[in-house]
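Residues or ranges marked as repeat 'WD' by TrEMBL: 100-134, 145-180, 267-299, 353-395, 395-435, 436-476. TrEMBL lists 199-212 with the feature compositional bias 'Basic and acidic residues'. Look at TrEMBL and you will find 199-227 tagged as region 'Disordered'. Annotation comment: TrEMBL describes 213-222 as compositional bias 'Acidic residues'.
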Amino acid sequence: MPSAFRQPGLTTYIISASHRWCGWKANWIIANTTMTMSMGGQYEYEYEYDDDDDGEFVIDESDIVHELSMDDEDLPNADSDSDSDQDIVDVDVDDAIHTFTGHTDELYSVACSPTHATLVATGGADDRGFLWEIGQQQGYQPVKLEGHQNSVTGLAFSYDGKFLASGCLEGIVHVWDASTSLGAIVKVWDSSAYMEEHTQDHMEDTQDHVEDTQDLEEDTDTDTEKPKRGIEWLKWHPRQHKLLAAFEDSNVWMWNKDNEISPLTYLTGHGGPVTCGDFTPDGGKICTGSADKTLRIWNSNGEIIKVVKGHGYHTEGLTCLAISSNSALALTGSEDGSACFVNIDKGRVISSMASRPYSIECVGFSPSDASFAAIGGMDKSLIIWDIRHSLSQATCDHKAGVTCLAWVGSRCVATGCEDGTVKLWDIRSGESVETFRGHSGGIQSLSVSANGDYIVSASLDHTARVFDVRKFSEQN
């Protein structure tokens, strides 16, 4: 039997019920001393409320005043899916041409080599990465990228495919030789020593400032919480062996492998975790976005040029960023559900997509045509945006949130979804041209092979899957 509660000082009754009653609503409530309602469509109850009941009462059979006759088919199904439920993917259907099962926990990142058509790197919550090849037969031994002490959250190949960088939540970056099948380690960059030195310098500067402006009380607590040093993302320079590593502590570090004398440059100024960023394709600038709601534009030496913030820009933290192939525009997505196009040279917002109900999770420009961009979010949609006319070209509806995207040629966009599917969309028509199934967990990352023949997905189901997209890339 259901029970009801009255909040003190209010005349509203809140009905609670067991599972079999879930989703059944009271038709009416007379919120004085007598309450009459129909519950579940089968009975009408009348209850005399007494202040001695201490705000709680139980409705039982003695309170029934009328019984209604209804067929079961007239009753709502408590087990039926609601609008917020995700469709369950039929995992018996597997469209993958290759499945990598070397990981023992959730996958967070995947990267395809820019020069080797079948070489792939994956990383995840099992504190390691793998370097493996598409299409290898049973018995093939992938290269284990070991040595991390926490989840591997970032992977990136250098522009020439010679090096692979892997980063983890412990703040350690490994650089591997990806030019051979051995995957020998080239460099281990542990940020902890550098970070402690950098943080200590910052604390000393802050302490000097405080002492100059006020007398410190004897009981002032001078302990400072150890900074978060988890790596948010890694990006290589498009023409050099410079590597950007962004951290949870609001800093970005740039390591130059070709300059061992002075390998590190600090990009400081953000007030929150640096959630997204990249070099411009021409290599001349760096764009970084943060949870502090700002986009910062730097020169290639790490010197700040512009800061984009405030009125006309995002009202919540940035989640994703992409840069056009001509290095002219940056596209940023935010937790506030909006997307903004920024002129990089001027540091000015030139157009924006109005906020949607949920956060934007992924953005990307068409690789060969700067006229279109793709914007995906947790509102279960992919927006194809016409940049020249500043309007939506198409809205591609999904059954679950869109977590990541990748362009397949210049005419198709692939989306990775919370329900484990990978979908391909024609940007001109906005129609779905393919749905790839096989994963039983949400997609976290997508990457396209160097020759455009394959798309690789990393999933929470502990696997990476390879799907053949040749017929779509050939159409572009």
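Just so you know, glycine gets a Cβ as well, placed from its N, Cα and C.
Nobody curates TrEMBL annotations by hand; they come from automatic prediction.
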So which residues does the repeat 'WD' (267-299) touch in its own chain, when a touch means Cβ under 8 Å and the partner is 6 or more beyond its ends?
228, 232-233, 235-240, 242, 244, 246-254, 305-309, 313-327, 330, 332, 334, 342, 344, 347
Which bits of the chain, at least 6 residues beyond where the repeat 'WD' (436-476) starts or stops, bring a Cβ under 8 A of a Cβ in it?
89-91, 93-101, 103-118, 120, 122, 124, 134, 161, 400, 403-412, 414, 416-424
With DSSP, how much of the repeat 'WD' (395-435) is helix, how much strand and how much coil, in residues?
0 helix, 25 strand, 16 coil
Chain residues outside the repeat 'WD' (145-180) and at least six past its termini with a C-beta under 8 angstroms from it:
108-116, 119, 121-131, 186-192, 195, 229-241, 243, 245, 247, 255, 257, 450
So, by DSSP, how many helix, strand and coil residues make up the repeat 'WD' (100-134)?
0 helix, 18 strand, 17 coil
Grab the pLDDT values for the repeat 'WD' (145-180) and give me their mean, rounded.
94
What are the DSSP helix/strand/coil residue counts across the repeat 'WD' (267-299)?
0 helix, 18 strand, 15 coil
By DSSP, how many residues in the repeat 'WD' (436-476) are helix, how many strand, and how many coil?
4 helix, 18 strand, 19 coil
DSSP-assigned states of the repeat 'WD' (145-180) in counts, ordered helix, strand, coil:
0 helix, 19 strand, 17 coil
